[in-house]
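For reference, TrEMBL has these:
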type	residues	note
DOMAIN	149-257	domain 'UBP-type'
BINDING	Cys173, Cys176, Cys193, His206	Zn(2+) binding site
DOMAIN	298-817	domain 'USP'
ACT_SITE	Cys307	active site, nucleophile
DOMAIN	605-646	domain 'UBA'
DOMAIN	680-720	domain 'UBA'
ACT_SITE	His779	active site, proton acceptor
Amino acid sequence: KSGDRVYKTECAFSYDSPDSEGGLYVCMNTFLGFGREHIERHYRKTGQCVYLHLKRRVIEKVPGASGGALPKRRNAKLFLDLETNSDLNNDDFEYEDEAKLVIFPDHYEISLPNIEELPALVTIACDALLSAKSPYRKQDPDSWEEELQASKHAKTLVQLDNGVRIPPSGWKCSKCDLRENLWLNLTDGSVLCGKWFFDGSGGNGHAIEHYKETGYPLAVKLGTITPDGADVYSFDEEEPVLDPHIAKHLAHFGIDMLQMQVAENGLRDNDIKPRVSEWEVIQEAGVKLKPMYGPGYTGMKNLGNSCYLNAVMQAIFSIPEFQRAYVGNLPRIFDYSPLDPTQDFNTQMAKLGHGLLSGQYSKPPMKSELIEQVMKEEHKPQHNGISPQMFKAFISKDHPEFSSTRQQDAQEFFLHLINLVERNPVGSENPSDVFRFLVEERTQCCQSRKVRYTERVDYIMQLPVAMEAATNKDELIAYELKRREAEAARRPPPELVRAKIPFSACLQAFSEPSNVEDFWSSALQAKSAGVKTSRFASFPEYLVVQIKKFTFGLDWIPKKLDVSIDMPDFLDINHLRARGLQPGEEELPDIAPPIIIPDDPKALDIDESSVMQLAEMGFPLEACRKAVYYTGNLGAEVAFNWIIAHMEEPDFAEPLVIPAFGEVASSEAAGFGAVGLDNQPPEEMVAIIISMGFQRDLAIQALKATNNNLERALEWIFSHPELEEETEPALDMMNMANNANANILAETGSEGPRIKDGSGRYELFGFISHMGTSTMSGHYVCHLKKEGRWVIYNDLRVCASERPPKDLGYIYFYHRIPS
């Protein structure tokens, strides 16, 4: 059927493919693919006995292929739309495709095509399976580029002889101050900004305004120009187009296409020039790096802006607890996997971990092979590295951001992964326990001096960047003056000067009190000034430190602080241990703030300062706006609790739609846990009660008992204290129901979040670095310390690191030093 997903490029349990030595077996009933080592398991579990065996072999190098001749392909029609994990589609090689029907358990083989001997229905089924498209195309149709058509304006385009020359860098919109998403009009040479796009590139629409005023139809995006072409858009045709005469059109404005180069990872040279040193330093460019092979040194293919996933997973599977949980339990996980293992989290985690740690996909070339290749001046394709296509498709399923091919924030993906690990227990011990710690928050009313202590669970220590503590302020001021002068004179910018920030200053900024916006004092029964201080109520086994480099400008465009921080190899944060209520301190009364919900929901203004606080934590902007709205502008802390409770919902990052009058309990009210319930209370009311520390089912029960009246519901909860204890077993039952699809249920405890407390002394063993101007663009690289030396993981490239850029990292991984 056209809707069936046919996995004919990758084994469900390993990274075997038709290119592998044993080929791939595709079940003719379930359409799942299995390597030679796993086909027997599927046969025993399902009883399916008819499989299509796909095999691709390299025959020889095609003479002169590198000069432009195409390779010969035998039986190529059998593998229509087959995308394999290696680079065997390289035009320098001739290869042969084979397909056979295999009947189990006797492994009886029937070569294809075989119209004479096979029934017509079987032949039709084989042809349909062989010609089926990749399942990943069906899941993410937007990720595949359509063939562009030549613009009708390209041949007759008129270019004004106005003397405009475009410099190689330092571009700025001629109508505003934007320096990103800039388009060069090919008629008059105007440089103007585009629209705001989903990938984070901002713009005020000046390019299209210019077209409406002048009618000049074609524009090229600056930064995409290479010797192979450029991104051209036709305003008249309202779509991206090809310009067969682009070299001539660019030369009119002094741009030589042959001099434009493309950087690694598909990023254009001019996109990175303002930060070229960052790209060079982090990727250790210009240094000959020794490739690393073997277990734990396996690279991961970039699937198109999936480097954030690659970097995080390399760090995760360098941790022994994750290795034991998934790779150590691999036989058990595979044996207990469901009939469709492609849709099981633990199976796909075990598969990925085994792919990275087994060494099967990271083998050095044999000396004899190297000598032969040198003698024959040829290079045969290598099978090193894995393509996490199946893993990414599953782990990002139903997530509006990670399911796309857009660049993402590695910190957000790390938290998304931990959430999935928590929801899919693999045994009695959850590997994510090693990251979990408790944060004690001390909030003080500045007027009454009374305090409140609360605890929350966290997985990441977020360190602010103390820009005011830069040790090279004079150099920064001089650089900024030179940069402005170069911009005014349309000269290339000066060499970048990066702010040098002491780590101690960032740690000091973390520990200092911060103002609480819209603080409501229960002692005064009114809003007052308040300050909050955070401390560690427990220290995790593995400490993850995020440097808060990303912020928002006044125009709400994400920006990155390009700084150098002297991150220590050894870290001691024992002085940040929480101390609890101190002698002489008086606690704030335990009184809930009054709940005010306007008669017309649209009359409620959204507190943008709270939205900004949440957005700076890394949450999507629209989700932050919804959190502040649905918690009645009670501040960022209450809204944060709403985010934690709703971040797995499919529409979490969708724009806020404020309901019309009388429609408060609309789709948002039914969006979380409301399946099969007729009288579900409005979700925003439930969220407010949960944010006060009560269980979800108790909040729902109270609202139902009071006809969804918030004030009466709170009174009802306080008048039924015995129900608060009774909700715990019901909550456990609900959690078990939610985990019904998990293979192995963990033993759940009712004593609260499980933590691994200990000393606050740590040693650095890894860090993830980001290159680019925002989390929505750029590239991620991971450095890990293994066997006493640093190793760089740059997608498929795994090499011994010569100069690990520890001062430019974004996320750092520390492990506890035993006492």
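Here the Cβ of each residue, glycine as well, is placed from N, Cα and C on the backbone.
The average pLDDT the prediction assigns to the domain 'UBA' (680-720) is 75.
Same-chain residues that are not part of Cys173, Cys176, Cys193, His206 yet have a Cβ within 8 Å of the Cβ center of the Zn(2+) site turn out to be Ser174, Lys175, Asp177, Leu178, Leu182, Leu192, Gly203, Asn204, Gly205, Ala207. Cβ neighbour count for Cys176 (Zn(2+) binding site): 13 (other Cβ atoms within 10 Å of its Cβ, all protein chains included). Around Cys173 (Zn(2+) binding site), taking its Cβ as the centre, 21 other Cβ atoms fall within 10 Å, counting all chains. If you measure from the Cα atom of Cys176 (Zn(2+) binding site) to that of Cys307 (active site, nucleophile), you get 33 Å. Between Cys307 (active site, nucleophile) and Cys173 (Zn(2+) binding site), the C-alpha separation comes to 30 Å. Straight-line distance linking the Cα atoms of His206 (Zn(2+) binding site) and His779 (active site, proton acceptor), rounded to a whole number, equals 28 Å. Between the recorded positions His206, His779, the minimum number of other C-beta atoms within 10 Å of a residue's C-beta occurs at His206. In this structure, the CA atom of His779 (active site, proton acceptor) is 23 Å away from the CA atom of Cys193 (Zn(2+) binding site).
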